[in-house]
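*Asks:* Dumping what TrEMBL says about this protein:
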DISULFID  Cys68-Cys73  disulfide bond
BINDING   Arg161, Thr163, Trp174, Ser219, His222, Arg254  FAD binding site
ACT_SITE  Cys361  active site, nucleophile
DISULFID  Cys361-Cys364  disulfide bond
ACT_SITE  Cys364  active site
Amino acid sequence: PSRMLSQQGVAETHGVLDDCFCDIESIDVFNNFKIYPHIQKLTERDYFRYYRVNLNRPCPFWADDSHCSIKDCQVEPCPEVSSTDPQLSTLYSQVANANTDIVDCEQAQDLGAINSTLSNYSKEAFEDWARHDDAQDHFCELDDETSPDADYVDLLLNPERYTGYKGPSAWRVWNSIYEENCFKPRSVYRPLNPLVPPRGKGCSSSLCLEKRVFYRLISGLHSSINIHLCAEYLLAEGWGKSLWGPNVQEFRQRFDPAETKGEGTRRLKNLYFLYLIELRALSKVAPYFDRAFVNLYTGDRQEDQASKELLLQFFNETKAFPMHFDEKSMFAGQKIEAKTLKEEFRLHFKNISRIMDCVGCSKCRLWGKLQTQGLGTALKILFSEKEIKNLPEHSPSKGFQLTRQEIVALLNGFGRLSTSIHQLHSFRALLKEKR
């Protein structure tokens with residue numbers, strides 16, 4: 001049961017992971033029976049289901065980021081949502097699909113569009129949430145969330161799944177993200193545009209800082225997203241209904257070593273590595289939420305209390321994992337070096353978030369931004385161990401703060417990883433049946 005794929009030319013992933021003392025079998029059992037049920041309940045709570053994001057920012061790296069890459073296909077914006085709240089701007093359908101043989105423009109528009117439905121209760125509550133958040137001392141730049149073009153999106157109405165977004169446009173985005181895996185000193189030229197080739201001979205081992213770790217995190221995120229697309233694939237349409245389910249052949253194409261030049265097994269191992277990194281961050285950040293004055297504010301005191309109790313129970317589960325990743329092995333070094341590394345990671349993830357603005361599919365952009373921010377927040381936590389240990393019990397700290405968006409992204413981002421590992425169990429069973 002620990003074997004990831006069938007033996008018919010497909011890789012098996014099991015045993016000890018690289019860079020840590022943990023085996024995949026233990027992660028599978030721990031996630032599928034303990035973590036996954038808890039994180040599913042948690043992300044359904046009001047505090048965690050709404051994510052504020054700006055999906056209308058232009059791509060800063062290339063001009064031809066057409067929102068529908070099919071020739072002569074123009075996607076019209078979605079009709080405005082009736083609202084007296086000026087913060088709830090119109091969410092637009094921006095869909096791209098480079099494979100006309102599979103999905104035509106109308107279908108791509110439908111699959112990739114954001115469902116911007118919000119209840120009147122939700123709209124009124126968001127105004128209250130904004131007043132509450134503005135009164136907090138965050139000591140950090142909120143960036144995307146503060147934009148007048150940012151909107152709350154109901155994540156439960158916009159599940160991450162297959163949208164038909166593929167081809168050159170999607171490849172260009174991921175290639176640009178992977179180019180960010182080389183950390184260079186500020187004295188070394190780094191073009192703003194990730195598509196511009198660097199000067200010199202590229203990235204040498206003496207210039208790259210934690211390159212392997214950064215690559216594994218991005219690869220793990222990429223693998224997780226691909227698993228979601230394979231597990232929630234559009235299998236058939238007809239009579240106004242769509243049939244969604246696992247696509248085994250698509251899964252093989254992305255993870256079978258024979259079809260990925262031997263990369264499939266490594267991709268899945270990187271998913272587990274990323275899972276351990278974020279799991280460790282969650283276990284480390286528990287003291288931040290243990291403090292009585294920290295609440296998950298929605299305006300409903302009973303709801304807020306129940307959500308916090310569920311969150312603290314979840315943190316207790318994460319702490320119970322016996323083989324946590326030792327982040328000190330990754331962030332070793334002098335105090336000044338660690339501070340510099342933290343800043344480098346922060347800038348890289350901010351740049352990746354900007355690259356996500358080049359994704360032509362709104363739903364893909366939404367989940368890409370959320371999961372990038374979630375991973376960035378996890379690294380922020382791991383870099384802030386001392387600040388978290390010294391948190392004041394009854395007041396905010398200038399040394400470490402989390403915004404609402406960071407908290408929502410952190411939990412939902414980890415929820416996506418947990419779901420990926422849970423979905424792998426289903427693919428194992430399906431592949432076993434086909435042997």
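Cβ atoms are placed via backbone N, Cα and C, with glycine included.
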*Asks:* Among the recorded positions Cys361, Cys364, which residue has the largest number of other Cβ atoms within 10 Å of its own Cβ?
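*Replies:* Of the recorded positions Cys361, Cys364, the most buried by Cβ count within 10 Å is Cys361.
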*Asks:* In Å, how large is the greatest distance between any two Cα atoms among Arg161, Thr163, Trp174, Ser219, His222, Arg254, the listed binders of FAD?
*Replies:* 21
*Asks:* How long is the line from the C-alpha of Arg161 (FAD binding site) to the C-alpha of Cys364 (disulfide bond), rounded to the nearest angstrom?
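*Replies:* Cα of Arg161 (FAD binding site) to Cα of Cys364 (disulfide bond) measures 9 Å after rounding.
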*Asks:* What same-chain residues, at least 6 away in sequence, bring their CB to under 8 Å of the CB of Arg254 (FAD binding site)?
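*Replies:* Counting only residues 6 or more apart in sequence, the Cβ neighbours of Arg254 (FAD binding site) under 8 Å are Asn226, Cys230, Thr260, Gly264, Arg267.
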*Asks:* For each of Thr163, Ser219, count the other CB atoms within 10 A of its CB; which of these binding-site residues has the top count?
*Replies:* Thr163
*Asks:* Using a 10 Å cut-off between Cα atoms, which of these binding-site residues sit near the residue listed as 'active site, nucleophile': Thr163, Trp174, Ser219, His222?
*Replies:* Thr163
*Asks:* Let's check the environment of Trp174 (FAD binding site): how many other CB atoms sit within 10 Å of its CB?
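*Replies:* If we count other Cβ atoms within 10 Å of Trp174 (FAD binding site), we arrive at 15.
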*Asks:* Among the binding-site residues Thr163, Trp174, Ser219, His222, which ones place their C-alpha within 10 angstroms of the C-alpha of Cys364 (disulfide bond)?
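*Replies:* So far as Cα distances go, the binding-site residues lying within 10 Å of Cys364 (disulfide bond) are Thr163.
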*Asks:* Return the residues near His222 (FAD binding site) by Cβ distance under 8 Å, restricted to its own chain and a separation of at least 6 in sequence.
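*Replies:* Sequence-distant Cβ neighbours: Trp174, Arg267.
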